[in-house]
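As recorded in Swiss-Prot, the features of this protein are as follows:
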| type | residues | note |
| --- | --- | --- |
| ACT_SITE | Asp223 | active site, proton donor |
| ACT_SITE | Asp244 | active site, nucleophile |
| BINDING | Thr165, Gln200, Arg305 | substrate binding site |
| CARBOHYD | Asn100 | N-linked glycosylation site |
| CARBOHYD | Asn137 | N-linked glycosylation site |
| CARBOHYD | Asn150 | N-linked glycosylation site |
| CARBOHYD | Asn156 | N-linked glycosylation site |
| CARBOHYD | Asn177 | N-linked glycosylation site |
| CARBOHYD | Asn182 | N-linked glycosylation site |
| CARBOHYD | Asn266 | N-linked glycosylation site |
| SIGNAL | 1-22 | signal peptide |
| SITE | Gln222 | site 'Transition state stabilizer' |
Amino acid sequence: MPIKPVLTTLIALLSIILALYTIQLPSSRSLSSIATTIGALAKYSTFFGHKHHHHHHHHHHHHHYHHHEPIKCCEKWTSRLRHQYKTSLVLTVDLHGCGNFSNVQSAIDVVPDLSSSKTLIIVNSGSYREKVTVNENKTNLVIQGRGYQNTSIEWNDTAKSAGNTADSFSFVVFAANFTAYNISFKNNAPEPDPGEADAQAVALRIEGDQAAFYGCGFYGAQDTLLDDKGRHFFKECFIQGSIDFIFGNGRSLYQDCTINSIAKGNTSGVTGSITAQGRQSEDEQSGFSFVNCKIDGSGEILLGRAWGAYATVVFSNTYMSGIITPEGWNNWGDSTKEKTVTFGEHKCYGPGADYKERVLFGKQLTDSEASSFIDVSFIDGDEWLRHTNIVSEHTSKDIGDDLIGFY
């Protein structure tokens, strides 16, 4: 470096140091409040700026928390949120004790049973390592995280450790009218090889009716998301897995979601499948519909396998990368299912959407055939969905602005 810029820099530094000496320093009390504010802002800026730094959050600034009485600093904030969310009760969860609870299950346990009004649980950034149950009495519960890359609930059971696939969940919902925003559900069990026994590992199992997930993440490998029964809505979610990673007998609409395969690549053909839908008879009103989604990742994967004889899966206006195998669909080794399944694609695009080599029981749907799958009427959402999207008029940025008053 030439000498002149070095001298200029030194002079500038010296003048700053001199200036600091001549300014009267504030009291230590206001300094600590400035530090706390900066701490909160720094934490918040990582939420909207560099999302991938979320794993640092819970190491910073917790030494400031003892300056606050948590209830005192959030009175105004909770009343504003209560008004905004139309909830009767707001509970907060924070790993460092700056909320009402330090784990999610404890907060869920105090939710009033069979409540007709909503309870909001706000979960601060961090990885909450616990196996969580929302039992059927905890109706009308809303859980709000700080972004799906910042707030996660994680466990690592498998079918082997839990005794069966369904009980390997990290988070299960049995209650009706459950809503989650901006939070992740993870199963951290190792990714199995295709065909490995008892390695299924569920991140989220949903059995409650009328559930909605906005901006949530679901992370696992085999059997990530057990969409078991009931009507469900997934909006702008991130769903990761390898084998049958969206499965079950739910009736669900997936809108604007990212489906990310982590299936292993190999030379012997198929290494994974997105869906395994469980509809068993004509009478069952179940099925999975994907609209405006994006499929990407690794491996050679199927759009779906016919788990149930009447399995129903439709992809509309969805981008499919080259990881989708040319045949697209699989009969689960039973050719009789080919007559009864509904496997459809409608106006999909991308290298994986080429249907020239699709199996005959995978259909390209007309507009009229697709129409019953592509909007919220598929899940009777016009009746119940508006009650879940209680912050539709606010972006997550606005919610974040409110949260900063507390954290």
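Quick reminder: no glycine exception, Cβ is built from N, Cα and C everywhere.
Known features from Swiss-Prot, placed on the structure.
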residue : record                      : Cβ neighbours (10 Å)
Asn100  : N-linked glycosylation site : 18
Asn137  : N-linked glycosylation site : 12
Asn150  : N-linked glycosylation site : 24
Asn156  : N-linked glycosylation site : 16
Thr165  : substrate binding site      : 22
Asn182  : N-linked glycosylation site : 24
Gln200  : substrate binding site      : 28
Asp223  : active site, proton donor   : 29
Asp244  : active site, nucleophile    : 25
Asn266  : N-linked glycosylation site : 12
Cβ packing number for Gln222 (site 'Transition state stabilizer'), 10 Å threshold: 28
Recorded positions near Arg305 (substrate binding site) (Cα-Cα within 10 Å), from Asn137, Asn156, Asn182, Gln222, Asp223, Asp244: Asp244
Sorted by sequence, non-Thr165, Gln200, Arg305 residues with Cβ within 8 Å of centre, substrate: Gln222, Asp223, Ile243, Asp244, Phe247, Ala276
Euclidean distance between Cα atoms of Asp223 (active site, proton donor) and Asn100 (N-linked glycosylation site), Å: 33
Entries of Asn182, Asp223, Asp244, Asn266 which, being recorded positions, have CA atoms within 10 angstroms of Thr165 (substrate binding site): Asp223
Span of Thr165, Gln200, Arg305 around substrate - largest C-alpha separation, Å: 17
Winner by Cβ contact number (other Cβ atoms within 10 Å) across the recorded positions Asn177, Arg305: Arg305
Rounded Cα-Cα span from Gln200 (substrate binding site) to Asn182 (N-linked glycosylation site), Å: 25
Rounded Cα-Cα span from Asn150 (N-linked glycosylation site) to the residue listed as 'active site, nucleophile', Å: 26
